[in-house]
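Visitor: Can you read through this structure? Questions will come right after.
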Amino acid sequence: MEWGTIFPALATVSLLLCFGIIGVVADASNHRYKSEETVPLYANKVGPFHNPSETYRYFDLPFCSPAPVKDKLEALGEVLNGDRLVDAPYKLDFRVDYDSKSACKKQLTKEEVAKFRSAVEKDYYFQMYFDDLPIWGFIGKVDKEGKSDPSEYKYFLYRHILFEVLHNNDRVIEINVHTDINSMVDITEDKDIEVDFMYSVKWKETETPFEKRMEKYSQSSSLPHHLEIHWFSIINSCVTVLLLTGFLATILMRVLKNDFVKYAHDEETGDDQEETGWKYVHGDVFRFPKNKSFLAACLGSGTQLFALTTFVFILALVGVFYPYNRGALFTALVVIYALTSGIAGYIATSFYCQLEGTNWVRNLLLTGFLFCGPLFLTFSFLNTVAIAYNATAALPFGTIVVIVLIWALVTSPLLVLGGIAGKNSKAEFQAPCRTTKYPREIPQLPWYRGAIPQMAMAGFLPFSAIYIELYYIFASVWGHRIYTIYSILFVVFIILLIVTAFITVAMTYFQLAAEDHEWWWRAFLCGGSTGLFIYAYCFYYYHARSDMSGFMQTSFFFGYMACICYGFFLMLGTIGFRASLLFVRHIYRSIKCE
């Protein structure tokens, strides 16, 4: 088999596996019920409304619980998502109405009352799944009306839940949950109280087909005013991109044209005047960079992350990630990342060998740990924090073992196979100009031509093209909004890639025109600098646009966003470097180099 056919096959297997694994989860709710048959109702988790990562098991609060409490067997993605489903204390039979039926009576101790009061004070909500349809509700309310002193606030616990279920023949279509504000228990004082937890169920017929039952959840992100903002974001980005890239392209093409004419004229007339500008460094521009093994590893990891993002977009656009398909995204990320590790090994090792590197095994190890290493360290710290809080975000030992086995039995072997394929590819680095024996000295340049100012200039333009859409993504990942407009997100992603490539090419030209031939790392850093801008946006979002608080939520937000932004840095850095390499080869191929 040709090595070139392995990676398309790998891509196909990756997508098929994801379709298969996620399809199992998706088909789990495709069930028909008989009259009076019990429909599964699972209690999932509770937690502060403003801290989406800080969630706890439903029965960590002293609700009345069935004996014994039975855990639902969950898929890998569900566990990674922090879902911990157990049998709920309420029994809902298909098409059977109940009115104020008692779930249980429970004598709450002072400590349990204090626990409920603390939860109500922090705006705790509960989440359940009924026939795989998500339902939420708050567990209580704080009465602040007419009271300025917090010590005068009254705290109430809801004890009566109203379920309204819509069905179409023998299938569940929709469920709505309400809490009865006329049936509350005062838990302001620490004293033993008896609570009768009750529930009512009302079944209604609907004409909505089963296939459209998830549209209710996706419509919230497709409302007209939301779509207007999204399209305004797209149009704003496109106009900004077209104006700035058009402006830069015009200048760049005009300058390059003048350069080509000037250099051609000098060659025809045989002038011996000293060369200037980017032609002056033609003997150094293809001199291999320092730390070439590290650069090759960055390119390998960046290419893998680009492939991962592309496959996830394909799955999203074909409708796999419908709202509340529990753990589907995490399952896809784990499976696709494992299966695309061969791409990282191939790209890194082949490029390293093109740069005349010899220790390809070390390069392969560096590639394998470049992204996984920081991610593992971050996960270890955050998982320890989650264990200390006894939160559902803490992964069970068995899940950690499964992830380690995937890494050891799938990711690592494919990485090695890709590395061997890259080493045996025998490709040579295509340099239009011969590199001189000794490097030219780089002239003294003004401060704004340094790496950091150039990165700031290069990262701002791509970030400005995506920052409006970033809010909706953050509100979905770190909040309770639903994001389903993947087509718009895909357009924004394409714009991001185009702008990143173009701005990096422009920065590379200006660097070479200033007779600075060390462009390799600069191109990668300029391309990836948008990731730093996204991380800076995290601080703004946390303080100005969210109500997150507490050590656990703060550490989860900034810890995992650091890993995501680092991934963007590697991916966009790779895009910027590849675009710059094509550009540099093109311009030096267009002139005669001695």
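Here the Cβ of each residue, glycine as well, is placed from N, Cα and C on the backbone.
Dumping what TrEMBL says about this protein:
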type: SIGNAL; residues: 1-26; note: signal peptide
type: TRANSMEM; residues: 229-252; note: transmembrane segment
type: TRANSMEM; residues: 294-322; note: transmembrane segment
type: TRANSMEM; residues: 328-352; note: transmembrane segment
type: TRANSMEM; residues: 364-389; note: transmembrane segment
type: TRANSMEM; residues: 395-417; note: transmembrane segment
type: TRANSMEM; residues: 455-474; note: transmembrane segment
type: TRANSMEM; residues: 486-507; note: transmembrane segment
type: TRANSMEM; residues: 519-542; note: transmembrane segment
type: TRANSMEM; residues: 557-584; note: transmembrane segment
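I'd like to know what surrounds each of these features in this structure.
Guide: Residues of the same chain lying 6 or more positions beyond the ends of the transmembrane segment (229-252) and with a Cβ under 8 Å from any Cβ of it are 461, 464-466, 468-469, 472, 485, 488, 491-492, 495, 498-499, 502-503, 505-506, 509.
Residues of the same chain lying 6 or more positions beyond the ends of the transmembrane segment (294-322) and with a Cβ under 8 Å from any Cβ of it are 11, 14-15, 18-19, 22, 26, 214, 217-218, 328-329, 332-333, 336-337, 340-341, 343-349, 351-352, 355, 357, 363, 366-367, 370-371, 484, 486-487, 489-490, 493, 520-521, 524, 528, 567, 570-575, 577-578.
Long-range neighbours of the transmembrane segment (364-389) within the same chain, counting only residues 6 or more positions beyond its ends whose Cβ lies under 8 Å from a Cβ of the stretch, are 54, 293-294, 296-298, 300-301, 304-305, 341, 344-345, 348-349, 395, 400, 407, 411-412, 415-416, 419, 551-552, 555-556, 559-560, 562-563, 566-567, 570.
Residues 6, 10, 76, 79-80, 334, 337-339, 341-342, 344-345, 364, 367-368, 372, 383, 386 of the same chain, all 6+ positions outside the transmembrane segment (395-417), place their C-beta atoms under 8 angstroms from a C-beta of that stretch.
Cβ atoms under 8 Å from those of the transmembrane segment (486-507) belong to residues 230-231, 233-234, 237-238, 241, 244-245, 248-249, 252, 309, 313, 316-317, 321, 454, 457-458, 461-462, 465-466, 469, 473, 522-523, 526-527, 530, 572, 575-580, 583 of the same chain, restricted to positions at least 6 beyond its ends.
Counting residues 6+ beyond its ends, the transmembrane segment (519-542) has Cβ neighbours under 8 Å at 285, 288-291, 295, 298-299, 302, 451, 454-456, 458-460, 462-463, 467, 470-471, 474, 478, 496, 500-501, 503-504, 507-508, 511-512, 548, 554, 557-558, 561-562, 564-577, 579-581, 584 in the same chain.
Long-range contacts of the transmembrane segment (557-584) within the same chain: residues 53, 285-286, 298-299, 301-303, 305-306, 309, 370-371, 374-375, 378, 381-382, 458, 462, 478, 496-497, 500-505, 508-509, 512, 519-520, 523-532, 534-535, 538, 542, 548, each at least 6 residues beyond the stretch ends and with a Cβ under 8 Å from a Cβ of the stretch.
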Visitor: By Cβ distance under 8 Å, which residues at least 6 away from the ends of the transmembrane segment (455-474) in the same chain are close to it?
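Guide: Tertiary neighbours of the transmembrane segment (455-474) are 221, 226, 229-230, 232-233, 236-237, 240-241, 244, 481, 483, 488-489, 492, 495-496, 499-500, 503-504, 507, 525-527, 529-534, 537, 541, 545-546, 572, 576.
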